[in-house]
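**Q** Okay, these came from Swiss-Prot:
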SIGNAL    1-42  signal peptide
CARBOHYD  Asn110  N-linked glycosylation site
CARBOHYD  Asn143  N-linked glycosylation site
CARBOHYD  Asn167  N-linked glycosylation site
REGION    231-259  region 'Disordered'
COMPBIAS  246-255  compositional bias 'Basic residues'
DISULFID  Cys264-Cys330  disulfide bond
DISULFID  Cys293-Cys362  disulfide bond
DISULFID  Cys297-Cys364  disulfide bond
CARBOHYD  Asn306  N-linked glycosylation site
Amino acid sequence: MNDSVRTTTTISSTKSLVHSFQLSAILHLFLLISFTPMSAAADQHASHATRRGLLRKLGLEHVPVQTGPSIDVPQHMWDIYDDDNDVDWVRHYYPKEIIEDNEGFLLSYNLSLAARNAHNEEVTKATLKLRLRRNNKARRSGNISIYFFEDDINNDRFQIESRSVDNLTEWIDFDVTAAFLRRTNRISFFIDLPEDVEIEETQSSSLSSLPYARAQSAPLIVFSDLSEPSSVRRKRSAQTGNSERKNRKKGRKHHNTEAESNLCRRTDFYVDFDDLNWQDWIMAPKGYDAYQCQGSCPNPMPAQLNATNHAIIQSLLHSLRPDEVPPPCCVPTETSPLSILYMDVDKVIVIREYADMRVESCGCR
């Protein structure tokens, strides 16, 4: 292995351990405030510190403030969440403006809320979903054409897809990925519909603007991946993905069946978002098995402790010079991601995969 490859590998491993240490510190603080008696002031301070730490881990500066009437997460977003598509971000937008004229509908979407990550995100897929209906019983053939405006100033529009309406279903998906070849904070689509077809007005709308009943029938779903060269992404294995889906549906704590031991090991720890009063914006999961690492790293080091050579040497030196050399620590050695479905500001529904959220194994380091 050459020096450049060795250096890259070391940096990636170090960053992964740093993320694991950060998560462990946050979880231990959460554990302390959950079970340690404190004064009211100390408890409030610790709670705020835990929330700030978790928000930073989630890439947020503040809890998304929800204003106006609440909205329900549509079924197609629940389906995406349960499918484990292995994408970093999925965002769901409703149009901010709908203009109808004799030719069709103009739909405008505000994407500026995602601007904080625009420099390191790459759109991999974008889908415009339309719920359509015929305004009379006569069935006429025709096409639905989707155009997007590349330049707001010149109003130049380009067709990106056309579809027959001979077999009109409740929802029709249009691939509009081509509209995201450049980064933008606002995007507009023109929908050219046959005379006997229109966008459905949803009766069960919980918001009342645009009119929002029609906006709910024209969501834009954008899939994107982080494109940072230095980012360490951990793809969930099939086994991990299956267990995560089961945990989502069951919502129960997983109890470790291993025998109690003082040696370094993974132990149960469940994070309940309701305890943080985040149930208003985190839709799923309600909580998750984060696990934690506890136990000692003695000398001689048992083989099952998954210790590095450095930890073995450090343990030996600690036994000889305990005042000078600290013992190795029991820390996460392998972690897995967690997908969270939450409501961002301005009613943008987000699914995001966060790395290093669940401890899979522990060892001495």
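The first residue you see is number 1, and the count goes up from there.
Just so you know, glycine gets a Cβ as well, placed from its N, Cα and C.
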**Q** Taking DSSP three-state, what's Asn110 (N-linked glycosylation site) in: helix, strand or coil?
**A** strand
**Q** Could you list the residues of the same chain, at least six apart in sequence, whose Cβ is under 8 A from the Cβ of Asn306 (N-linked glycosylation site)?
**A** Thr333, Ser361, Cys362, Gly363, Cys364
**Q** Rounded to the nearest Å, what's the C-alpha distance separating Cys330 (disulfide bond) and Cys293 (disulfide bond)? Just drop the number here, would you?
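**A** The separation of the Cα atoms works out to 6 Å.
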**Q** Within 10 Å of Cys264 (disulfide bond) by C-alpha distance: pick out those among the recorded positions Asn110, Asn143, Cys297, and say none if nothing qualifies.
**A** Cys297
**Q** For Cys297 (disulfide bond), which of the three DSSP-derived states applies: helix, strand, or coil?
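**A** In three-state terms, Cys297 (disulfide bond) counts as coil.
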**Q** Could you tell me the C-alpha distance between Asn110 (N-linked glycosylation site) and Cys297 (disulfide bond) in angstrom, no decimals?
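**A** Approximately 53 Å lies between the Cα of Asn110 (N-linked glycosylation site) and that of Cys297 (disulfide bond).
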**Q** How long is the line from the C-alpha of Cys297 (disulfide bond) to the C-alpha of Asn143 (N-linked glycosylation site), rounded to the nearest angstrom?
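**A** The Cα atom of Cys297 (disulfide bond) is 69 Å away from the Cα atom of Asn143 (N-linked glycosylation site).
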**Q** Among the glycosylation sites listed here, Asn110, Asn143, whose Cβ has the fewest other Cβ atoms inside 10 Å?
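**A** Counting other Cβ atoms within 10 Å of each of the glycosylation sites Asn110, Asn143, the minimum falls on Asn143.
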